[in-house]
Amino acid sequence: MAFDPASLTFDANGLIPAVAQDHATGEVLMMAWMNAEAVARTVETGRVTYWSRSRQAFWVKGETSGHVQRLIELRIDCDRDCLLLLIEQEGPACHTNRRSCFYTALREGEERIILDPMV
């Protein structure tokens, strides 16, 4: 069956959450938003493209930083309202220069930084 981005369930703003996960390690790297066109561009090019809510523009991950995300597999959840992007990540995924945006853990009621910036 051919994939059609219009078959996904987008929110009132026309967006769907997309979680990026390292295809080899399973590490969750980041979450961002996509609209139907960003999904289509990602599938067509293999370069992950998000929708920047703050800039109201397409954001090709790594276009300016060089920290490219290559799509290995796109998975759709059971309600078709969330995407899992299995990717190959070049360099850090987070704008803080960390491998993952999920670098703060809650441990014993305290926030702890668990990932240092990559050098």
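Positions of Cβ are set from backbone N, Cα and C atoms, glycine also.
From a predicted model like this one, the values you see are computed outputs, not experimental measurements.
What Swiss-Prot annotates here:
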BINDING   ASP77, ASP79, ASP81  Mg(2+) binding site
BINDING   CYS78, CYS94, CYS101  Zn(2+) binding site
- line: A correct count of other C-beta atoms within 10 Å of the C-beta of CYS78 (Zn(2+) binding site) gives 6
Message: For a quick check of packing: other C-beta atoms within 10 Å of the C-beta of ASP79 (Mg(2+) binding site), how many?
response: 8
Task: Report, in whole Å, the straight Cα-to-Cα distance of CYS94 (Zn(2+) binding site) from ASP77 (Mg(2+) binding site).
output: 24
Residues within 8 Å of the ASP77, ASP79, ASP81 Cβ centre (excluding the Mg(2+) site residues themselves): THR9, ILE76, CYS78, ARG80, CYS82
Under 8 Å by Cβ from CYS94 (Zn(2+) binding site), counting only residues of that chain that are 6 or more apart: LEU29, MET30, SER100, CYS101, TYR103
Message: When DSSP is mapped onto helix/strand/coil, what comes out for ASP79 (Mg(2+) binding site)?
response: coil
Which same-chain residues, if any, lie at least 6 apart from ASP81 (Mg(2+) binding site) yet have Cβ under 8 Å of it: LEU8, THR9, PHE10, ASP11, ILE16, PRO17
- request: With a 10 Å radius around each C-beta, find which of these binding-site residues (ASP77, CYS101) has the fewest other C-beta atoms nearby.
  value: ASP77
